[in-house]
Structure formats: structure tokens, C-alpha cells
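Student: Handing you this structure, nothing more for now.
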Amino acid sequence: MPNRKIIHIDMDAFFASVEQRDHPELRGKPVAVGGGGDRGVVAAASYEARKYGVRSAMASRTAKQKCPHLIFVKSRFDVYKQVSAQIRAIFAEYTPLIEPLSLDEAYLDVTENLKGMKSATLIANEIRQRIRQTTRLTASAGVSYNKFLAKLASDHRKPDGIFVIKPEEGEAFVAQLAIERFHGIGRVTAQKMHSLGIQSGADLRQRTEDFLRQNFGKSGGYYYRIARAQDDRPVEPDRIRKSVGSENTFAHDLDTLAEMQSGLIPLIEDVWQWVERTRVYGRTVTVKIKLNDFQTLTRSRSSFLPIRERKFFENLAFELLEENFPLPLPVRLLGVSLSNLEDSQPFEGKQLTLNF
Amino acid sequence: MKFVVSSSVLLKQLSAINGVVSTNPIVPILENFLFNLENNTLTVTASDLQTVMITEIEVEGGDKGAIAVPAKLLLDTLRGLPEQPITFNVDEETFGTEIVSDNGRYKLSGENPIDFPKTPSVNRGQSVDFSSTALGTAIANTIFATSTDDLRPAMTGVFVQIGTENATFVATDGHRLVRYRRTDIQSAADTSMIIQRKALNLLKSCLPAEDVPLKAEFTASNAFFSFNNIRMICRLIDERFPDYENALPTNNPNTLTINRMEMLNSLRRISIYSNRTTHQVRLKMEPGKLSISAEDLDYSNEANEKLMCEFNGDPMEIGFNAKFLIEILSNLVCKNITFELSAPNRAGLIIPVEQEDNEDILMLVMPVMLNTYA
């Protein structure tokens, strides 16, 4: 594959920065976006809050212990979406190959770009400048020759920074990295790697693909390649949605099946509203159950034909829930999702089905 | 309890009902045949809880008694014996069973017959008389189109509607559908039910080659069939069958009539060249000519054939899964068939041109999208 030019753009503490921009009194203070209640979760933390160890996805109660004067702000998703659309419009001036990862993050393939610019670093800086002018927010950029390295790079000089990993530097960069920093290696995998004597990218590189596959299954092949800074995944502009789901952390733990069923109904309703609006039907129902010790169970079941009736969807979800009974502990969170989505727009080679 | 029976007669009757005995049943007692002896008649029952099959055999010995005998052990023994009278000696205290042949003795440990599940009884059932070949043909024509998706149990069986004028058998898996109607099966009152695929398969395999009268009775939860000296009781699928009538397209301006075997053989050749996962074939229709083609882009294989046909309507192209077409065409027996079509994204109907006097067959298959159609 010829060398590509990939940029990863990541807004700095996105939700929190938007709040600080719109509420000057919050500037320079530790801010967390999300519910401050007993069971709330931090959706985003400002850099001031991060100094105290507050992180996104942290339980609000833990966050308050780490930073007692933390200010909680309610999220305003409509505003975040609006800003997100602004930055995407900027990206679109440079390349059609944009793969958004979330509201505040995207990969751009600028190998061939609309401005005919040779330097990806110049493009990245121009984009960061335009974002600052348009939104009064800062973004960090990573520039490299594949998605894996570009994402690592954007993290390297955060906030408001840019970092470039050139083709000849990729392998060395990965070698010195602690494996916790690798995208796709979580806490549990990292612990397992430590127990196998793998601390850094260089350690990982010494292992054979067979060894990694034996210890980590399918992901082993991915680890083997990223240890060599290889990543052939293309930037995919039209990433089609693979699933739709809804979940809720309840104000108090649920014990009985009846409580959980009634807790599941609004989630089913959420998902079904999406199905009815988009007319995209799924074949697989997944139910997620998080116990109050944070242990998570997921159970799923697939139908041969797309699920076109809400009642059928609900029955499957209830069945999956019931089959997990009795549960060892009370339930903190429930989620339900639909996957194996079938677009109502027919495509080549698709077997059509009767409308049952 | 003691009786004497011909080894080959017993083997033949047990083989007829053995299909219902599963190798790993929910309750171990179901690995057995239940023997009931009374007035020189041995009644043998096999069950998997969903379906029960019963056969009656004339034996010598005036005893009365019951025993559950391991099905596999007994059948394996009988298969190995040359035809001869064999004697069963059963100790009803210990359930020990001894078979005495010309030159040997075989001891099996039976089980308590009390443990064998009770057979549901007919209770004010609706009774219908069939001929065994009519039922056999109806099963053969429909069972291949049933679904294997256990999440939609209604579609894993054949829907049977019996009315005052005819009987309709319907099977579908959502990709194809068969509606098979016979005017020589009638009932005084309308009745409908869904019968499990497994039960129908068992029934089909033990129907005799010659035509014999068959009596069927239906209750809300079970269907009962009896013919010769065999009875079958199967639990019905308690679900609502999909509204298939509305799925049948009524306005199909394009019709293509073609020799069934010619098309079937062509499809068998062309499908070799089709994509291995979609089995997609393309039918291009114009007056007088049908071309069937397939390509497998992964291997750069492609093939096409032209066949004579009679076509009325606007020239069109439509894609199908070749496996479905082959299955449908090979299940039909007529000389010519007619395709009724409207659009490349709408169901196609396949109807035999020549139908038997009291038969009405209609098959439906859903297309596969072609890239030329957006």
C-alpha cells in the first residue's frame, strides 16, 4: 500500500470546553458534564478537573471524592451536535474521506485532498486554526500514515497540540510506548500482558503472532500488526450504523423481574421509535445487565427474519432477561439493543423477504 | 408376562415408529419402547413428548402386562436375527426382559412402564378422512419450505386449513412459500392448525407405498392420525400463522411459461457458476427467450444459457437464489410451469401449467436484488 496521509482530529475536553465557552464563570474551574447525583456518570471533564484525576465515564460520586469542589453541569447535546456539524463542515472542505468516531473526533484521509495540498501537517494546522476561529474551541491533531498511529499522535500533545509520526518513525514510536497507551488495549488486557511480561510496544513486538493469538484470541492478530505500526484499515466515510440501543442506570438497584421488565419497557420504546423512524429492521436482540458490583452480562438472540413487530422485539428482550434469573446481585443498569440491521433500501445480492 | 412374535414382523413395526425415539431425550425413559400386552395384541408406544407413535402387533400368548424396553438395544438385536419366532419373557417385578431365539438368549434390563409419559387422548376431536397418498403428497409439497428458525415457531410447521370445500397446506420460511390445496379433503366444519415439521416428516416416512384410508382427528392442542395399525399423536404449534394470503401478489402482468425440466437442468448448471454465498442467478426475460446467467466475481467465473419459453409482458430482469428455484422446480412433477411476475423487487409466483384434477399448487419465491435495479 502506498503511503497514506491520515489525520486524526480530536476536540479537547469537548463537552466541558463548550460549557466553559458558553458560561464564562466556569472558565479555569474544574467542570464535569453529566449528572451530579448519587448514580450519575461523568460524560466529560475539563482539564482543570482532570488534574484531580476526574475522568469521563467515572461515577460522579468517585469524581466528587477526588475533587470536592467539582462543578457539575447538565449536558446540552443539541449544542454539542451543532458544534460537531460546524467542524465536520470544515473537514469537508479538505476531503470527502471523513470517518467520524463520535461528535468530537474524526479520521480524515487527505492523501488526495480537495485543496491539492502536499503537506498533511499544514492541512491539520489549517483545520485546527479554522476550528478555533469558527467555534472558539481548541482541537488536537495527529498526523501519520495510518489510523492507529494518527490516533496515538493526536493524544501525544493534547490539549491544543499537533504531533506528526513520519513513516520512518512509526515503528520506533510504537516500540517505546507503554502498552496501556495502545488504542484497543484496555485495562484487563493490559494486566494480562503485564503478567506475560509485556510492558511496552517493543516487548509486544518480540512475541510471535501464534503466541498472541493463543493468549488473546482474534485480537492477537491485531496486536501483532500494531506492534509493527501496521494498520491497513481504510478511512470509511459512510460507516453504516451496526446497531441501535438504549440503556439506563436506575436511581436505585432493581431486584425483581417485574421491576426490570418495567425498567426495560422505556428502553424498548426508545429503540423501537428509531426503528419506526428509519424503517431499518434488526435481526438480533441483545440485553445488557449490569449488576451492582459492575459485573456486566449480555445475552443476545437472532431471528432468521428481520424483527418487524414491536411485540416480538419486546418478547425476545423479556425472554433474554428472564433466562438470566435468578441474578446473584441487584441490577444497576439495563440496556437493550438491536443489531444485524437490514436497511430497507435494497442492495445488490440482498435476498428479499416476505413481510411477516 | 410372556409372548411369542415373529422377529421380522416386530422389526418392521418397530422400525416404522422408531423415528420418534431420540438418541438424547429430555427424560431417559423415552429411550424405550413401551410394550402393552392384552388379548394377544402387543401395543408399542414411542414418544418424544411432542409426538407419540403407536403400533399394534398380533402376538401369541394370552398374558396381560406392560414393560419399557430399550429401543436401540432391541432394534439392533432384531436386525441381526434371521426371521424366526422369538419369545419374550418379562419379569414385571425386576423389569428384566429375556428374548429367546432358536439358538440364544438375550437379557435386557427394562424399565418401569409406569414412568412412561401418558399418551394424550382424543376428546371431541374434529374428524377428517383422507387417503394416505393425498396426505403424503401434501406433506412432500410443503415441508421443504418450512423454516428452521425457532424464534418464529409458527413458521417451523405446516399450516393446515380444512374447510367444507377443500384443504389448504401452507409452508413458508419468509423467503419462499408454498400453498398446496386439495379438493378431495374436506371437513364438516372449518378447522386450522400448525403441525410440526418433525411430526410430518415422521408421518411421511411411515406412510405405506399403497393408498390406504387414513383418519385424522384434531383437538385444540393435538392432531391424531391413524392408518393400518399405526397411530400418531402430535402436539400442535400454538402460534398464529403469518397472514400469507396478503403476501401473495395479485397483479402480475408478466408471465413466462417454460418446460420445467429444461429450466431445472439449466439452473443446476448455471448455479455452479453463481456466487457461493448468495447463489444468485439472473433471469432475463423477453418474448420467446429466457436467459439464465450467473457470475462469481471472487473467482471470475460466469455462465449463461438461453432457453425457449413463452413470455408475455414487458421484458424484465430478476434475480433469484438458484437453490430456492431448484428446490421448488424439483418438488413439482408437472411438465410445464408458469412464472407470474411484476417487478424485480416483488415476489414471483410459480404455478404448474398442468394440475391434477383435485390439486391446486402455488409456489412463491422472493427475489434477490440485482445491481441494475435501484
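Note: Cβ is positioned from N, Cα and C throughout, glycine not excepted.
Because TrEMBL annotations are produced automatically, they should be read as predictions rather than curated entries.
Take a look at what TrEMBL says about it:
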- A:Glu105: active site (ACT_SITE)
- A:Asp10, A:Asp104: Mg(2+) binding site (BINDING)
- A:6-186: domain 'UmuC' (DOMAIN)
- A:Phe15: site 'Substrate discrimination' (SITE)
Student: Going by DSSP, is A:Glu105 (active site) part of a helix, a strand, or coil?
Tutor: strand
Student: Around A:Asp10 (Mg(2+) binding site), how many other C-beta atoms are within 10 angstroms of its C-beta?
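Tutor: Around the Cβ of A:Asp10 (Mg(2+) binding site), 20 other Cβ atoms lie within 10 Å.
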Student: Taking the Cβ of A:Phe15 (site 'Substrate discrimination') as reference, which residues of that chain separated by at least 6 in sequence fall under 8 Å from it?
Tutor: A:Val33, A:Ala43, A:Ala44, A:Ser75, A:Tyr80, A:Asp104
Student: At the level of the C-alpha atoms, what whole-angstrom distance separates the residue listed as 'active site' and A:Asp10 (Mg(2+) binding site)?
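Tutor: So the Cα of A:Asp10 (Mg(2+) binding site) lies 5 Å away from that of the residue listed as 'active site'.
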Student: Counting only other Cβ atoms and using a 10 Å cut-off, which of the recorded positions A:Asp104, A:Glu105 scores lowest?
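Tutor: Output over recorded positions A:Asp104, A:Glu105: least Cβ neighbours within 10 Å is A:Glu105.
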